[in-house]
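Novice: Found this in Swiss-Prot, in case it helps:
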BINDING   67, 69, 156, 177  Zn(2+) 1 binding site
MOTIF     67-72  motif 'HXHXDH motif'
BINDING   71, 72, 177, 425  Zn(2+) 2 binding site
ACT_SITE  202  active site
REGION    626-669  region 'Disordered'
C-alpha cells in the first residue's frame, strides 16, 4: 500500500500551511492557513487540487488544525463557509477557544480598514467554529471505522498539538509548529515512539542552531534598557498569544528588579486581558512551574504592564510597547512603526520569524542589526504600493521564536522513529541542506516537495522475529520441496552466472538454485584497515530481467559497502563479511515483467530496495567458528567445491571441514569461503533461541511471493528475521503461519 502527501501550502515556503495526506482510501487535510504576506487570492491554499467541481466534503474525510496561528487556521472559514466543506474538523480545546478571536481580529483589519470584499464575515467565523470537534491530548479519536487520530503536546503556543493519524496499519505524524525546548510558560514537545510510515515536520529553522537562551534574554533586556535610558521608545511586534507571554514575564520581572517602574510598558488594548483569561482556563497546558505557582500568584497578572491606548503613540518620553501583529503586516504594530521609525532614538525588536512579503521581513533582510551604530544610517522601506517611509530607528532581530531549531527537528525524528520524513514550512535551500543531513545521519528517506507536488510513499511492513536456527533450516528445505517438488540439497552449484542466462528460456522459472558466489563476484576492499591490504570477497544482488539479459550481470552499483551492510544488519562495526553461497527461487506468481527475476536466498539482506509485491525474510547467523590460515582456507575451498561436484560425499567432507575449523584455534582474520552444506551443518550445532514477534496481525498473512536475500557474516550475536508481507497466495500464508505456530 502507499501513502500520498501533497502540500497545498507551506511546500518549500512558510505560510498558508495546508497538507493533504491520503492513507488508504482516506484523505486528511492537516491545517488550513493563510499567507500573511499575500493580499490577493494567493493568500489561501489552492483548493482546486482537491476537487475541480467543489465536492470537498466527499473528498476530504476530516480537517485537523494544529494551533491557532493564522498561517495554520486562517483559511478555515473560507474553506468551510465559502468553499462548502461540511465534514468534521478537529483541534484542541484551547485552539478552538482562541481561533475565532484571532480570525475576527484579522477580518476587521482586512475588511473594515483595507476595504477588501472577497473575505469571510464575522458570522462565517462563528458558523465555522460550530463544526469543530475538540480533542484532548493522548485521546484516540475514531473519525470513522478505519481512521483514528491522536494529539500530542507540541509546545509552541497554548493548545498546539502534533497529530498521529492511522488507517489500518499505515500511519502519519503531522507536527504543525512545535518547540523541543521548554520556555518560561510552556513545556517542550513530546511524542511516543509511534514509528509512523511518514513524519511531516516543520522546518522554519532548518539550518539554525540557537545559542544560549539565557544569553538572548540578557541581550534583549540590555538593548531595551539602553534605549529607554536615552529617552527612546521600543516597539516589539508580537502575536497576541504565545511568544508575547514569554517576553512579558521576562520584562516584568526585570523592571521590578531594576526599579524601572517610572518607564511605562504597554500591551495592545484588550489582548492582555484575553490572554490572562485563556491561560487561567487552560492552565494544564502550561509548564510545571506555572501550574505550581498559579494557586498563590498568577504569573500573567503583570505589575508593570498596562493596556495601550492609541493616543499614547505620540506621548513624549521613553516607553516599551508590545503590539500586534508580529510580522508588521497590518494593525497596531504597523501603525506605531510608521510613527516611531523615523526617530533614531527609537528601536524595533523583532523577536520571531517574518514571512516574505511582510514589512517585518523587509526590515530583517535589509536593515536588521546592521544599524547598531550610535547614529544609525537611514533606509527607505516600502510599506505598501502607495507608502514608503524613511527608517532611522535601530532594527534588531532577537530570536525568541517558539519553533524547533535544527537540533530540535533531529531530536523529534529520533523520538518518533519514522520510516520516511517529509519537510514542510521552511525555505527551499535550508530544507535541502537538512534533508541531506537526515538521509546521511539517520538513514531515513527524506523529501521536501513544493506546493502541488505529490510524494508517494511505499508502506510495506516488516515483522522482526527471533527464530530457532535449526527450525529455519528445516523450513527452508520443506519450502523448497513443497514449492519445487525437489529437495534443496539435490541442486547443483552454478559456477558461472552465464549459466543463468542460458536457462532463461527453459522451464526453470520456478526452480530453486544454489549459486556459488565465490566464482561470480569481483573483489572489493571491505572493512579495510591501513595495515590490512588483503582483498575480501563482496556479496552482490544479481537480478535477471527481460530488459537486461547481457552477460555482464554484476555491476559496481550492485555492491553493498561494509558500513551500509553493518547498518542494515545492526551489527558491530568490527564485523567482517565473508564469502558464502546464495539460493535463488523464481516465483510463478510474479508479474510477467518480473518473471525472470533472480530471487536470492541466504544469510542476511543486502541493500537493495524490494518492490511492493514481495515479502522479505531477513536473518543473520551466529557461526562462532575459528578461521583457518590462508593455505587452509584454499584447501577448504577446494574441498567444498569438490563436495559440490559429488553430492554423495557432501555431508562427510563438510563435517570434516567443520571439525578442522573447530580444531584450528588461531587469530587469523582472513575470510573463509563456505558452501551451503557447511553453513547448514554449523547451524545444526546451534541451540534454538525462541521467538519474539514484535507485531503480527492476520491482515499481513496474504503474501504474493517470498524473497530472501543473503550475505554471509562472520560474527553476529543473534539471528533476526524480518518478513515483509503482501496480499495473495493463501497457501504460502498458511505455510508461514504454521512455521510461526510451531516455534516454542
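Just so it is clear, glycine is given a Cβ too, placed from its N, Cα and C backbone atoms.
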Novice: Which residues of the same chain, at least 6 past either end of the motif 'HXHXDH motif' (67-72), have a Cβ under 8 Å from a Cβ in it?
Specialist: 10, 14-17, 31-36, 91-92, 94-95, 98-99, 102-103, 106, 154, 156-157, 159-161, 176-177, 239, 241-242, 355
Novice: Restricting to the motif 'HXHXDH motif' (67-72), report the mean pLDDT as a whole number.
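Specialist: It averages 95.
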Novice: Give me the CA-CA distance between the residue listed as 'active site' and residue 425 (Zn(2+) 2 binding site), in Å, as a whole number.
Specialist: 5
Novice: Helix, strand, coil residue numbers for the motif 'HXHXDH motif' (67-72) per DSSP?
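Specialist: Once the DSSP states are binned, the motif 'HXHXDH motif' (67-72) shows 3 helix, 0 strand, 3 coil.
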Novice: Starting from the Cβ centroid of 71, 72, 177, 425, which together make up the recorded Zn(2+) 2 site, report each further residue of the same chain whose Cβ lies within 8 Å of that point, ordered by sequence.
Specialist: 10, 14, 15, 17, 31, 33, 66, 67, 69, 176, 202, 204
Novice: Going by DSSP, is residue 156 (Zn(2+) 1 binding site) sitting in a helix, a strand, or coil?
Specialist: coil
Novice: When you average the Cβ positions of 67, 69, 156, 177 for the Zn(2+) 1 site, which other residues in that chain have a Cβ within 8 Å of that mean position?
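Specialist: Same chain, not in 67, 69, 156, 177, Cβ within 8 Å: 66, 68, 72, 154, 157, 160, 176, 178, 242, 402.
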Novice: Give me the CA-CA distance between residue 71 (Zn(2+) 2 binding site) and residue 177 (Zn(2+) 1 binding site), in Å, as a whole number.
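Specialist: Residue 71 (Zn(2+) 2 binding site) to residue 177 (Zn(2+) 1 binding site), Cα-Cα distance: 10 Å.
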Novice: Can you tell me which binding-site residues out of 67, 69, 156 are within 10 A of residue 425 (Zn(2+) 2 binding site) by Cα, answering none if there aren't any?
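Specialist: So the list is empty; none.
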Novice: Tell me the coarse DSSP state (helix, strand, coil) of residue 202 (active site).
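Specialist: Its secondary structure by DSSP: strand.
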Novice: So what sits near residue 177 (Zn(2+) 1 binding site) in its own chain, CB-to-CB under 8 Å and at least six residues off in sequence?
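Specialist: Residues satisfying the criterion: 66, 67, 69, 72, 154, 156, 157, 160, 202, 204, 402, 403, 425.
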Novice: So if I draw a 10 Å sphere around the Cβ of residue 67 (Zn(2+) 1 binding site), how many other Cβ atoms end up inside it?
Specialist: 29
